[in-house]
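Peer 1: Please see the structure below; I have some questions.
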Amino acid sequence: MKYSMITLGAFAMMAVAQLSSLPACGQTCISNMLALAPTFGCTANDASCLCSDVNFAYGIRDCSNAACGAEAAGPVIAYGVEYCSSAGVGLSGSATGIDPGLGPATAVVASTPIATDGASAGSLSAITTSEFTSYVISGDSTVSTIVGSTTIYGPAAGSSSAITTSPIVSTVTSGDTSYPTTVGSTTIFGVAGVISTPTASASSALDSLSSSIASEASVITSSASAAVSSLSSRLSSAASPVSTTTSSAGGARQTAFAGLAAAAGFAAIIL
């Protein structure tokens with residue numbers, strides 16, 4: 001038992017030493033595959049368990065080919081073979097990339113949008129962040145590995161620049177007169193969209209408009225009153241002669257009647 005522990009410790013130290021000699025892309029592939037131990041039903045650093053699943057070796061092979069290129073992938077694949085051989089598990093065929101006749105596994109990289117907390121980079125804010133997941137498919141088995149992420153940034157709301165600004169005009173019509181007044185404005189920003197912002201003088205503009213309308217109405221009312229008064233005066237002036245004439249006519253009729261009566265009486269006396 002003691003011998004086994006010493007051997008395991010020596011193997012772990014050797015593996016660490018060899019891993020550091022690999023290119024950065026290869027170290028990432030090995031680290032990612034080792035981190036998938038729970039996916040393979042293994043505990044961390046259980047080489048025998050990991051290497052017993054051929055998908056572990058396929059993952060190292062395909063990841064190194066995709067990340068490092070075919071030429072630089074050789075040392076990474078060799079590391080995987082040595083790693084499993086030291087644990088007593090031999091690898092051969094397509095897992096090592098030596099025998100393509102067995103059919104290579106298929107590596108698929110997909111991006112999946114994930115929620116963003118709105119963190120900003122300088123004056124930019126994150127719009128969406130996507131994870132890049134590598135799926136290694138061999139037969140009916142699929143192994144997924146998150147190999148990175150990408151974030152799309154856009155200008156923060158506070159740093160948006162206005163594209164165009166248009167006034168909001170209110171028009172009040174009184175009779176044949178119209179009173180246009182700017183009561184606000186609407187601004188289209190590059191990111192924030194359409195933001196409607198009332199002007200600070202909107203209230204005073206409306207008050208001024210109301211006063212103007214009231215003043216115009218007062219002038220119209222005063223003019224109308226003056227016109228009515230003038231018309232009444234003219235009618236009164238015109239009515240007085242008529243009344244006098246009527247009165248005079250009545251008087252004339254009365255005078256004529258009296259003359260006729262006197263003439264009739266005079267005629268009666270003669271008769």
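Positions of Cβ are set from backbone N, Cα and C atoms, glycine also.
The signal peptide annotation in Swiss-Prot covers 1-17. As annotated by Swiss-Prot, domain 'CFEM' applies to 18-111, with the evidence given as sequence analysis. The feature disulfide bond is assigned by Swiss-Prot to C25-C68, C29-C63, C42-C49, C51-C84. The heme binding site annotation in Swiss-Prot covers D46 and rests on sequence analysis. Residues or ranges marked as GPI-anchor amidated serine in Swiss-Prot (evidence: sequence analysis): S247.
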Peer 1: Find the shortest Cα-Cα separation between C29 (disulfide bond) and the disulfide-bonded residues C42, C51, C68, and name the residue that gives it.
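Peer 2: Result: the closest of the disulfide-bonded residues to C29 (disulfide bond) is C68.
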Peer 1: Filter the disulfide-bonded residues C42, C51, C84 down to the ones within 10 angstroms of C25 (disulfide bond), Cα to Cα, kept in sequence order.
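Peer 2: For C25 (disulfide bond), the disulfide-bonded residues whose Cα atoms are within 10 Å come to none.
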Peer 1: Under DSSP, is the residue listed as 'heme binding site' part of a helix or a strand, or is it coil?
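Peer 2: DSSP call for the residue listed as 'heme binding site': coil, neither helix nor strand.
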Peer 1: Could you list the residues of the same chain, at least six apart in sequence, whose Cβ is under 8 A from the Cβ of D46 (heme binding site)?
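Peer 2: Residues satisfying the criterion: A37.
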Peer 1: Among the disulfide-bonded residues listed here, C25, C49, C63, C68, which has the most company in the form of other Cβ atoms within 10 Å of its Cβ?
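Peer 2: Most Cβ neighbours within 10 Å: C63.
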Peer 1: If I take the Cα of C51 (disulfide bond) as reference, which of the disulfide-bonded residues C42, C63, C68 has the closest Cα?
Peer 2: C42
Peer 1: Is it possible to get the count of other C-beta atoms within 10 angstroms of the C-beta of C29 (disulfide bond)?
Peer 2: 30
Peer 1: Looking only at C42, C51, C84, the disulfide-bonded residues on record, which one has the least crowded Cβ, with the fewest other Cβ atoms within 10 Å?
Peer 2: C42
Peer 1: Which of the disulfide-bonded residues C42, C49, C84 has its Cα nearest to the Cα of C63 (disulfide bond)?
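Peer 2: Sorting the disulfide-bonded residues by distance from C63 (disulfide bond), the top entry is C84.
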Peer 1: Which of the disulfide-bonded residues C42, C49, C68 has its Cα closest in space to the Cα of C84 (disulfide bond)?
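Peer 2: So, spelling it out, the nearest of the disulfide-bonded residues is C49.
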